[in-house]
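Colleague: Residues or ranges marked as transmembrane segment by TrEMBL: 21-41. Summarising the annotation, TrEMBL assigns domain 'Cadherin' to 82-158, 159-269, 290-404, 506-606, 624-729.
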Amino acid sequence: MRELCHWKTKFQASQIILKQYISCLLKTLFLVQIISTFTYANGISQSSSDQIYLEQNLRFHIIEECPLGHLVGTIDTGNNNYRLSAKPEVAELFSFNASTGQLRTAARVDRENLLLFLVDDQVVLNVLLVSDPSQTNNPTIINILISVEDINDNIPTFPTSIQNISIVESTAIGTRFVLNGAQDLDQQGNGTIVEYTLRNNEKNFGLVQERNGSNTTTLFLEIVELIDREEKELYILELEARDGGNPSKKGYCKMQITILDVNDNLPVFDQPIYNVNVSIGAKEIENKSLLTVKAKDADSSENAIVSYKLDGENASLKTNFRIDKTTGEIVLEKYGNLSDVCSNLTDLRSSSANNFTEKLCILKVEAVDHGFPSLSSKAFINVYLSEEMTESQLMLKFVIYPKGSSFASVDETSLNGTVVAVITLINSFGDNATLEITEGNQGGVFRLESGHNFAILRLNQSSAEIGSQQDSFQLEISAIINHVKRVSKKLEVFIRHFNDSAPILQEDIQTVKVAEDLPLGSLVARIGLQPSSYQHSFELMASPLGYESSVFKMDGNFVKLVQPLQLEQSPYKVMVKVSNSQYSFLYTVAQLNVYVVDVNNHSPQFLTSNLTRTQNISTLNQQSILLYSVNLLESHPVVQQVLKLEALDKDLGDNAIVTYSLVKSMDAEMFRVNAQTGQIFLNHPLDYELDKHYFCFEVAAEDSGIPRKSSISAVEVFLEDVNDNPPIFLDSIYYQNLRLSEQQSTKLVKFQAEDADLVDSHQGALTYQLLDAPTNLFQVDAKTGWLSLHSSLPSNYKAGM
């Protein structure tokens, strides 16, 4: 045995020597290659060169990730000029200063990126410094080996960030599932995973690590307790790997474990026995639903799908009832012969006093899942055949304080046995009815103490025992006759807290101002309350005027607009009822005064008068406007108004102040308007004989709102002539020779005169008359102006008279 160990030791030593020899040989070959490359690069052939290169070997040590510019070592270069030579991926990592001989790092040194230069599990970088052979008789090559020491700068890394595993819920304890291990790029202890930990672990799983011969670890997830998918179908665990560095680093991956279902659960009905009542003689219930049974299977997928079927020895009974295999709905298909075909139909009760009869028919229903093999369960249905009951014959009533309340409430300090409500039953079918709490009494908080057709609902525990977990209960009180719920009624019960008080408003009366064109749906005001632990309800109350409730609505504690505001109805008085919660009898009333602020949404409108008419004016884009017409004498004084226009604005304040102006035009230059009164005056006197006879211009009425609004009307003026010009003869002197022999009525001369007032007028012609002439000798035609002899001249008439 000792001899064997001796030979084993010698063999191991030989291996070490062989490795060192091979490493030295490789370095020598590399050096020769570099020298050869350098020699050829300088144009010197090895065969022709007589120079001998001296070799110097140096070894330095650095730590990876050292800072840029880190001093690797200082080389004695003498008087030689050295150049750095290495493989490109090595040369870029270092810089050499030929003057100082300092070799420094020039880039980031990451050992994990230099695994190509791995020798005996150590990264060794080879750099040559070669002197210039032209400057020395003995050129030198300095062979530098730089060892890069590893630091723990890498975390353990898993192949994937999430490992998905599927396990069947019936898998046996001890079953193992292989997990992917982690790897660390660092060296030796820094790169060795020394520990795996399962975090967020459940009691069902364990982590098993097995060391292999190659010094690697195989990971297993082991089942240590039975798994039930119905309890939990998805597990999320975290696998942690820690390396051996100092300090150590950790890596993580998620494990998503999905539990697969097996068909290990029966369908379970929501109740083992169902009761339903069918009124005798009610044929209208044929082909209508009686009830729906429901079974649930805790498995998943196909294993959880349930089908229903009627079971029983009496095949005839199945012709009367039908069940939907998917929904569990049971339908009475045939009523007429139900009493004949049901062999298990039993006469339970007969009351000759009330002419009340009731019979029972029992059905059996089976629920089957779709698993393989399938599992099933059964339930029973009691179908009671009885006379139809009206509300007046069977009815529940609640007596609650305060009277008229729609709910019941008890103080949170109430003791066990406190009366909550009194229930009375109007029962015309005898004394076999019982009152029960059929829904909502989880935990048995309430109990019923029953008497003949009445019951008292009491607390079954103190309010303190109920605690703050539940503030309200929805109870269903039912009258049960022969195990069948014949009539039921809901009762809501609340727990009142000792500090129950009316809400406290931040402001009892609020006043807000809103624009009359506020969009519908806009916020008008917020009803603010003092801080409280209660939920609050807000409700609009009827006001004396009554229309506020239709104009506003509550959205939580916000008052919002739902109908357009009317300025003439301002202010609105909105009353809001604020309650703690629906079970509190206390409330506060908030008053909101809403003042409507006028906005400039109306244009001034001209008033009509006997001078106005409506006409379309093309210059105003065919708008229909008022046209004022006036007849004006040319002698109209400048200081006297021509007419007065008046426009009214339905807005208020500045929005209703109207000013007037003339729209620029040629005709408008003849007139002016008083901006405040709307009075129109002449700018200067008019002359019918010189000016035009028709004027038309526009007047604008503009309010003072923001933005300003305006409207237009038109004015037409018809100029009338006055008799302000005398007639003028065309000639001031007329000459005419008269013979003594002229006879009576002889036309002698025609007087002609013109009057400027008569141009284009309709007043008629001028009239002529003689003012001074010999008596009875001459006459003038008043219309034509002809002067003629009135009578023959006397024989003794002397010329020149």
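Using N, Cα and C of the backbone, Cβ positions are placed for all residues, glycine too.
Keep in mind that TrEMBL annotations are predicted by a computer and have not been checked by a curator.
The model shown is predicted, which means the values in this text are computed figures rather than measured ones.
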Colleague: Using DSSP, what is the helix/strand/coil residue split across the domain 'Cadherin' (159-269)?
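Modeller: So the counts come to 4 helix, 56 strand, 51 coil.
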Colleague: Helix, strand, coil residue numbers for the domain 'Cadherin' (506-606) per DSSP?
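Modeller: Per-class counts: 7 helix, 46 strand, 48 coil.
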Colleague: Going by DSSP, how much of the domain 'Cadherin' (82-158) is helix, how much is strand and how much is coil, in residues?
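Modeller: Its residues divide into 13 helix, 35 strand, 29 coil.
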Colleague: Using DSSP, how many residues in the domain 'Cadherin' (624-729) fall into helix, strand and coil?
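Modeller: In the domain 'Cadherin' (624-729), the DSSP-based counts are 8 helix, 49 strand, 49 coil.
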